Amino acid sequence: MERTSLQPSRFTQYIRTYSNQRLEWLAIDSFKDALHSLSAGLPPNEEYIVALLSAGTEQMPELLSAADRMRRREVGEAVHLRAIIEFSNFCRKNCLYCGLRRDNRSLPRYRLTEQQILDAAGEAAVLGFRTVVLQSGEDPYYRPADIARVVEKIKSSCDLAVTLSLGEHSRQTYKIWREAGADRYLLKQETADERLFKYLKPDTSLSKRVQCLCWLKELGYQTGSGNMVGLPGQSLHTLAQDIMLMQELDVDMAGIGPFLPHPATPLKDAAPGGLELTLKTLALTRICLPQAHLPATTALCTLTTDGRRMALSGGANVIMPNLTPPAVRSKYLIYPQKADISEKPAVALAEITALLAEMGRPLASGPGHATKTNRKSFFTDDKSDK
Ligand code: 5AD
Ligand code: SF4
């Protein structure tokens with residue numbers, strides 16, 4: 001039979017099949033090489049992280065169980081709970097992805113009074129939490145001294161570690177809060193790509209963000225960062241750089257969640273971050289930052305109902321239930337359908353207890369401070385519930 005140019009000869013077909021297989025073998029080899037060298041604690045290498053982020057669905061179990069083993073070995077089985085209190089949804093910034101951005105006029109704004117914040121923290125303590133996270137948009141209404149007073153009152157009345165998550169401020173302001181007794185600070189880098197950062201966060205810059213993180217570390221805060229997965233314009237290399245930046249900053253905590261488009265923002269038509277890529281990024285963060293505290297983020301639980309279990313099986317060791325008063329909770333809408341909007345603290349705790357029992361993971365009894373062994377003298381490291 002006469003061959004047309006569209007029908008390859010048996011020989012070319014053989015070459016093609018062979019080279020496809022060879023490429024597959026190469027991909028499998030580079031996956032295994034990368035996983036072994038990162039798990040062995042060799043310095044993270046962008047190409048290795050990208051090779052693992054490109055892992056196919058069939059390679060996911062191997063990657064997630066490597067992260068799970070690392071989590072067990074480095075920070076133990078216990079899961080730490082942090083009660084989050086979102087006390088104001090006013091924000092002076094205009095981040096393109098966030099529902100709290102100042103140009104979002106459709107969002108009803110609220111602020112809790114000092115007493116309401118203290119009551120919510122008191123409720124957290126009564127429910128057995130050992131950490132409260134005070135979070136808000138960047139709201140200049142509260143002066144540094146107001147926040148300091150709240151921190152002091154919580155520290156003197158409850159046995160709680162206090163984490164602040166209030167955005168970018170001066171070194172002096174961070175110092176005031178630290179001196180008032182704040183233990184930790186969360187300030188996500190969001191993305192390690194300088195240009196993407198500037199586009200998404202036009203009021204600031206990546207270098208300013210990193211400067212803030214360095215100040216926080218100098219001041220002795222246990223410092224957390226994190227990033228979103230699936231941002232428009234983000235590549236696997238960006239995600240690798242995110243992990244490497246957190247490694248370089250030697251952060252104590254890292255929140256990794258999918259980007260979720262909010263209808264009242266300029267990114268309303270962008271695609272959400274993917275589940276697999278978020279889980280891979282979380283797993284790699286565990287492998288590259290073995291002792292960090294990694295939460296099962298609310299954004300991941302919003303993307304999929306089983307997000308908490310998936311995250312806890314792939315590197316995470318922290319859950320952050322919402323203790324914001326129910327009357328305002330639905331207004332802290334950084335992205336739509338936020339998973340914890342209608343969650344009642346007691347019900348959420350019962351669900352978490354049941355999930356952890358099923359997974360054979362105990363609840364931590366201590367405050368869950370940073371676990372790093374090389375920490376400077378600022379804190380009493382509690383490793384009793386490691
Ligand atoms: N999708 C996912 N996470 C978001 N955040 C803000 N907007 C979004 C969004 N659209 C996260 C950011 C920020 C925190 C307040 O919420 O990581 O740090
Ligand atoms: Fe404000 Fe933070 Fe939202 Fe940016 S991400 S608009 S700083 S609350």
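Glycine is no exception: its Cβ is also placed from the backbone N, Cα and C atoms.
Automated prediction, rather than curation, is the source of TrEMBL annotations.
Not measured: the values here are computed from a predicted model.
As annotated by TrEMBL, domain 'Radical SAM core' applies to 77-297. Summarised as a single figure, the pLDDT of the domain 'Radical SAM core' (77-297) averages 98.
The [4Fe-4S] cluster binding site annotation in TrEMBL covers Cys91, Cys95, Cys98. Non-local contacts of Cys95 ([4Fe-4S] cluster binding site) by the CB criterion (under 8 A, 6+ apart in sequence, same chain) comprise Arg101, Glu190, Leu200, Lys201, Asp203. Annotation note: Cys95 ([4Fe-4S] cluster binding site) sits in a coil segment as assigned by DSSP.
Annotation comment: TrEMBL describes Ser165 as (3R)-3-methyl-D-ornithine binding site. Cβ neighbours of Ser165 ((3R)-3-methyl-D-ornithine binding site) (same chain, under 8 Å, six or more residues apart in sequence): Val133, Leu134, Gln135, Ser136, Tyr185, Leu186, Leu187.
Summarising the annotation, TrEMBL assigns S-adenosyl-L-methionine binding site to Glu190, Arg209, Leu260. Following the DSSP three-state reduction, the secondary structure of Glu190 (S-adenosyl-L-methionine binding site) is strand.
Sequence annotations record features per position, and here TrEMBL assigns region 'Disordered' to 363-386.
Residues Glu190, Arg209, Leu260 are the ones the record ties to S-adenosyl-L-methionine, and the longest Cα gap between any two of them is 22 Å. Among the binding-site residues Cys95, Ser165, Glu190, Arg209, Leu260, residues whose Cβ is positioned under 6 Å from ligand 2 are identified as Cys95. Closeness to ligand 1 is met by Cys98, Leu260, these being the binding-site residues among Cys98, Ser165, Leu260 whose Cβ falls under 6 Å from the molecule. Cα separation, Cys91 ([4Fe-4S] cluster binding site) to Arg209 (S-adenosyl-L-methionine binding site), rounded: 17 Å. Those residues of the chain, other than Cys91, Cys95, Cys98, with a C-beta within 8 angstroms of the mean position of the [4Fe-4S] cluster site C-beta atoms are Lys93, Asn94, Tyr97, Gly99, Leu100, Arg101, Arg102, Gly137, Ile334. Taking the Cα atom of each, Cys98 ([4Fe-4S] cluster binding site) and Leu260 (S-adenosyl-L-methionine binding site) are about 9 angstrom apart.
Within its own chain, Leu260 (S-adenosyl-L-methionine binding site) has Pro272, Gly273, Ala299, Thr302, Leu303, Tyr335, Pro336 as residues 6 or more apart in sequence whose C-beta sits under 8 angstroms from its own.
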